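J.: For reference, the structure I am asking about is given below.
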Amino acid sequence: MAFNLRNRNFLKLLDFTPKEIAHLLELSAELKKAKYSGYEQPRLTGKNIALIFEKSSTRTRCAFEVAAFDQGAKVTYLGPSGSQIGHKESMKDTARVLGRMYDGIEYRGFGQTIVEELGQYAGVPVWNGLTDEFHPTQILADFLTMQEYANGKQLSQITFAYLGDARNNMGNSLMVGAAKMGMEIRLVAPKQFWPEEELVTQCQEIALQTGAKIVLTEEVTEGVKGCDFLYTDVWVSMGEAPEAWDERVALMTPYQINMDVIKATENPNVKFMHCLPAFHNDETTLGKEIAEKYGMNGLEVTEDVFESEYSIVFDEAENRMHTIKAVMVATLGS
């Protein structure tokens with residue numbers, strides 16, 4: 001079934017129906033196959049795209065740029081120091097200026113209200129590259145990756161667990177995505193790190209319509225048993241104070257994904273996922289500081305899991321580009 005998403009914003013998965021999300025995933029798979037097969041047809045030729053990054057990025061920026069280039073579009077990158085947004089010019093005014101010059105706008109930054117305002121006033125499609133509350137393009141990549149590794153299961157037949165800080169944009173977005181697609185998600189975290197009650201209630205209401213199951217638990221063994229996928233993210237998110245580390249590490253250490261947790265799934269085919277970057281060894285400046293301060297070689301995931309046959313994080317990272325391409329083509333393409 002064809003769907004017309006032209007001129008739609010892509011700000012959060014709550015705005016989309018399960019069938020629309022499934023359409024974007026199907027289009028992602030088609031575009032990925034076309035790129036690999038060498039017969040990709042540009043559908044964004046002549047389009048100009050603005051990429052607003054108020055937070056730094058590797059995967060999201062590269063994914064948007066390569067996806068745009070593949071499809072014939074040109075991009076302008078506006079980094080944290082490259083615009084007047086919020087300093088000398090309001091987002092409302094910026095939206096109306098950029099909307100006159102560009103055919104589509106990506107935003108990666110802080111509050112969800114900011115990207116919502118951009119979407120309200122730009123007059124062209126606006127895509128959320130990450131906010132404090134939601135990370136919808138990451139979820140499309142995650143679900144495409146799950147489909148590729150699910151051994152024939154539909155999304156609605158998949159059970160997965162998210163361990164760690166479940167109140168951040170990834171916990172929120174995975175819960176919304178699972179609710180929309182009829183999946184079973186288990187948020188395994190200290191209670192104070194569960195998503196906001198209002199969002200949980202909203203997702204539970206969606207789950208009643210889709211057959212999804214949302215479980216919140218503090219028990220790791222209970223949470224991971226029988227899972228098809230285990231997912232985690234960093235324990236301290238972008239923008240949080242360094243002083244938060246001590247308390248956070250103490251609270252989160254029981255939720256580290258290590259080989260014992262892998263075994264606790266009782267599923268030899270379980271796969272490990274992470275939106276990246278990950279603290280899994282001491283080969284980075286921050287990783288080395290963590291190892292020295294806490295005596296841990298890896299935080300949210302251990303090196304042996306990250307580099308194991310269970311890990312599909314780099315397929316997941318690649319799929320950022322294919323799914324972002326699908327969003328741009330669906331909302332802007334000819």
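Keep in mind that glycine also has a Cβ here, set from the backbone N, Cα and C atoms.
Residues or ranges marked as carbamoyl phosphate binding site in Swiss-Prot (evidence: sequence analysis): Ser57, Thr58, Arg59, Thr60, Gln84, Arg108, His135, Pro136, Thr137, Gln138, Cys275, Leu276, Arg320. Feature annotation from Swiss-Prot assigns L-ornithine binding site to Asn169, Asp233, Ser237, Met238; the stated evidence is sequence analysis.
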J.: Return only the integer: C-alpha distance in Å from Cys275 (carbamoyl phosphate binding site) to Asp233 (L-ornithine binding site).
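T.: Per the Cα atoms, Cys275 (carbamoyl phosphate binding site) and Asp233 (L-ornithine binding site) stand 6 Å apart.
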J.: Distance check, please: Cα of His135 (carbamoyl phosphate binding site) against Cα of Asn169 (L-ornithine binding site), rounded to an integer number of angstrom.
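T.: The separation of the Cα atoms works out to 6 Å.
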J.: Around the Cβ of Asn169 (L-ornithine binding site), how many other Cβ atoms lie within 10 Å? Please give the count over every shown protein chain.
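T.: Around the Cβ of Asn169 (L-ornithine binding site), 23 other Cβ atoms lie within 10 Å.
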J.: Can you check which residue among the binding-site residues Ser57, Thr137 has the largest number of Cβ atoms within 10 Å of its own?
T.: Thr137
J.: According to DSSP, which kind of secondary structure is His135 (carbamoyl phosphate binding site) found in, if we only use helix, strand and coil?
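T.: Assignment for His135 (carbamoyl phosphate binding site) reads coil.
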J.: Across all the protein chains here, work out how many other Cβ atoms are within 10 Å of the Cβ of Arg320 (carbamoyl phosphate binding site).
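T.: Looking across every protein chain shown, the total is 25.
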J.: Pop the Cα-Cα gap between Asn169 (L-ornithine binding site) and Ser57 (carbamoyl phosphate binding site) into the table, whole Å please.
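T.: Per the Cα atoms, Ser57 (carbamoyl phosphate binding site) and Asn169 (L-ornithine binding site) stand 15 Å apart.
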J.: Measure from the Cβ of Cys275 (carbamoyl phosphate binding site) and count the other Cβ atoms within 10 Å, all protein chains considered.
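T.: Around the Cβ of Cys275 (carbamoyl phosphate binding site), 25 other Cβ atoms lie within 10 Å.
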J.: Counting across all protein chains shown, how many other Cβ atoms sit within 10 Å of the Cβ of His135 (carbamoyl phosphate binding site)?
T.: 26
J.: Enumerate same-chain residues with a sequence separation of six or more from Asp233 (L-ornithine binding site) and a Cβ-Cβ distance below 8 A; give 'none' if the list is empty.
T.: Tyr162, Gly164, Asp165, Asn168, Met170, Gly171, His274, Cys275, Glu300
J.: Hey, does DSSP put Asn169 (L-ornithine binding site) in a helix, a strand, or just coil?
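T.: Note: Asn169 (L-ornithine binding site) is helical by DSSP.
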J.: Specify the count of other C-beta atoms within 10 Å of the C-beta of Arg59 (carbamoyl phosphate binding site).
T.: 20
J.: Round to a whole number and give the Cα-to-Cα distance in Å for the pair Arg59 (carbamoyl phosphate binding site) and Asn169 (L-ornithine binding site).
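T.: That separation, Cα to Cα, works out to 16 Å.
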